[in-house]
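Per Swiss-Prot, the features are as follows:
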- CYS132: active site, acyl-thioester intermediate (ACT_SITE)
- HIS221: active site, proton acceptor (ACT_SITE)
- GLU223: active site (ACT_SITE)
- LYS153, SER181, ARG235: substrate binding site (BINDING)
- ASP101: site 'Important for acyl-CoA specificity' (SITE)
- SER181: site 'Important for substrate specificity' (SITE)
Amino acid sequence: MSVILNNGLLKRESFVIGRFEVLEPTINILLVNLMPNRLQTEKQFTRLLSHLPINVRVTFAVPSEHKIRHDTDAIMTNYVTLNDIWHKKFDGMIVTGAPVDRMKFEQIDYWDEFRHLLEWRKTHVTESLFACWAAYGAGYAERNFPVKALSEKISGVFQASQIFKRHSLLKDLENISMPQSRYFTVPNFGVARRLKVAGDDILGAFILRDEHVNSTYITGHFEYDTETLENEYLRDIAIDPNTIKPKNYFYNNKPTNTWQTYAEKFFVNWGELLMEKMTSSRSTIPTLNQERNKLGLGTSQCKYL
């Protein structure tokens, strides 16, 4: 199916991936974008969401308390803040990573708001997905799995050595490989068995699932483009010449994408899990036109690119 954007930097370009069918069921996803390059992150997640077997409408948000340092005017014009959405409900929520995993949580300017987001999602979101730092922060705040800060960065593309259970998130996936770029780990030995999906004894958990709060936690970056790890490496080595190259990533000195198939299939499985949760609580999932008619907006007209 297709993705249509309610707001965001891509919205300025009337950006739509695929063919949007207004009579097909549509789910609403809140994407809390904590990454500094928000346009790139929008593109990365939008591409993955386009593989879901259902139409997706995305609302991009930033924390109200966060001091934005890049493209401030464009972000404030094209994003909503979390204060704008506390009264709303969403079918799904994705919270991205953030380059703050070397800071103490309490020093992050939106930490209190992030903790409120965790509590809010229990009553306002059907299914949640936390990536990299967001997973780290959620584990620390809610104490449902251990997190540990590292002095050296884990950087590269790694395959899970352990699949702990054949969860629906891993349907048609014999293994999991994804980019990792983090200064933290979730030690396998400290994680409750009910939460484990995929991981490694050395690198820690890759994927965790907590059915009690309808949440999935990914410690890496399925969404990364082929060049993202390379760009991070070039940024870091300009600051510290001793920065180690990302592992299992450069072949013949060129970045190689070996995770895309895993990423696309994982997001399809997550979308199907979300749809299953939604249909168990309601008889049907509304179409885009049904939602617009209920609001008195009439049928939708979309521009396809």
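Cβ coordinates come from backbone N, Cα and C, glycine included.
Because the structure is a prediction, the values reported are computed rather than measured.
Known features from Swiss-Prot, placed on the structure.
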| residue | record | Cβ neighbours (10 Å) |
| --- | --- | --- |
| ASP101 | site 'Important for acyl-CoA specificity' | 20 |
| CYS132 | active site, acyl-thioester intermediate | 28 |
| LYS153 | substrate binding site | 18 |
| SER181 | substrate binding site | 22 |
| HIS221 | active site, proton acceptor | 25 |
| GLU223 | active site | 27 |
| ARG235 | substrate binding site | 11 |
In the same chain, which residues outside the set LYS153, SER181, ARG235 have their CB within 8 A of the centroid of the CB atoms that define the substrate site?
SER155, LEU229, GLU232, TYR233, ASP236, THR243, PRO246
According to DSSP, which of helix, strand or coil covers LYS153 (substrate binding site)?
strand
Looking at the recorded positions ASP101, CYS132, HIS221, GLU223, whose Cα is closest in space to that of LYS153 (substrate binding site)?
ASP101
Given the recorded positions ASP101, HIS221, GLU223, ARG235, which lie close to CYS132 (active site, acyl-thioester intermediate), meaning Cα to Cα within 10 A?
ASP101, HIS221
Taking the residues LYS153, SER181, ARG235, which the record names as binding substrate, find the longest CA to CA distance and state it in Å to the nearest whole number.
14
Round to a whole number and give the Cα-to-Cα distance in Å for the pair the residue listed as 'active site, proton acceptor' and ARG235 (substrate binding site).
18
When distances run from the Cα of the residue listed as 'active site' to each of the recorded positions ASP101, SER181, ARG235, the nearest one:
SER181
